[in-house]
C-alpha cells in the first residue's frame, strides 16, 4: 500500500469534506436528488429523440449523444461519491480510481468536441438552410460523433497512465472527493513540469481549440442572422441557437473559472464546490435548458404522453 510507485498502491483515501460530517449529510441528500433528476432528465431526452419521428434530425441526434455523455459522466463518479459521503469509508481502490480518471478525461474531452460539432450543425442550419439536410447527412453525423469519441478516448489514453504512474512515496490521501487529475498530480513526490506541460498541450487541443471553433461558428451565425430583414425571423434564428449557447457558456465558463485562475486566488473548498457544480449541476441543467427553451422537444413530450394516454383508454 505504501510503495514508492503509484502502481503499487491498492487504494486512495478521498478526504473531501470528511472533517465536516454535518456538511457531508447535507451534501448526500442534495447530490442524491440531483443525480436522480439528472438520470430522469437525460434519459427522457434520449428516449424522446429516438421515439418521436419529428426529432429524427441532426440536431437531436447530437443532443441525444450529449445526454448520453452527461449520464455516463455523472454515473462514473457520483455513486462512489454518495458511498463515501454516507459512511466512514472514504477509500477508493486503485483500479476504481484508474477507471474513474480514464472516464473523466475521456468523457470530458468528448463533450468539448461534441459541443463544437453541435455549433457547426447550428451554423450550417442558419447559414445554409436550403442545403442543411444534404450537408448534415446521416453518414457525416455518424462520422463526426465517431471522431469526437475517438479523440476523447485518445486524450484519456495519453493522460491517465502517466498520471497514475507518478511516484507518490507512499502518499495515498487525495485532498478532494473525486479522482481529479490535478489533485493526483499534486500528490507526486517528483517534478511534474513535464506532465503539466503535456496536460497544457492536450488541453489546448481538446478544450481550447473546440472553444475557438465554437466562437468562429457563432460569428458566422450572428452575421447571417443580422442579414435577415424581419424581426421575427431573427428571433427564430437566435432561438434555435439559444439552448446550445447557454450550455456552452455553462460548460466552458465553469472549466475556465476552475482551471484558468491563479491557484492562490481560490481556496481548496471553493475548488471542490466548483467541481461539484461541474459534475452534478451542469448535467442536471442541460436537459432542462433544452426542454424549457425548445418547443419541438416540449411538443414531442406532449405527443408521447398523449399517445400513452390514448392507448391506456383503449
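Residue numbers in this text run from 1 along the chain shown.
Note: Cβ is positioned from N, Cα and C throughout, glycine not excepted.
Taking Swiss-Prot as the reference, the stretch among 273-292, 293-312 described by the feature transmembrane segment is residues 273-292. With a cut-off of 8 Å on Cβ pairs spaced 6 or more residues apart, the transmembrane segment (26-49) and the transmembrane segment (273-292) reach 3 or more such pairs and are scored as touching. Two recorded stretches are said to be in contact when at least 3 C-beta pairs lie under 8 angstroms, sequence spacing 6 or more; the transmembrane segment (237-259) and the transmembrane segment (101-120) meet this definition. If one looks beyond the transmembrane segment (101-120) by at least 6 residues along the same chain, the residues whose Cβ comes under 8 Å of a Cβ in the stretch are 59, 62-63, 65-66, 69-70, 72-73, 76-77, 144-145, 147-149, 151-153, 155-157, 159-160, 163-164, 178-181, 184, 206-207, 210-211, 213-214, 217-218, 244, 247-248, 251. Residues 64, 296-297, 299-300, 303-304 of the same chain lie 6 or more positions beyond the ends of the topological domain 'Cytoplasmic' (50-57) yet place their CB under 8 Å from a CB of it. For the topological domain 'Cytoplasmic' (121-139), the model gives a mean pLDDT of 93. Taking H, G and I as helix, E and B as strand and the rest as coil, DSSP gives the topological domain 'Cytoplasmic' (121-139) the counts 16 helix, 0 strand, 3 coil. Below 8 angstroms of C-beta separation, residues 122-123, 126-127 of the same chain, each at least six residues beyond the ends of the topological domain 'Cytoplasmic' (220-236), sit close to that stretch.
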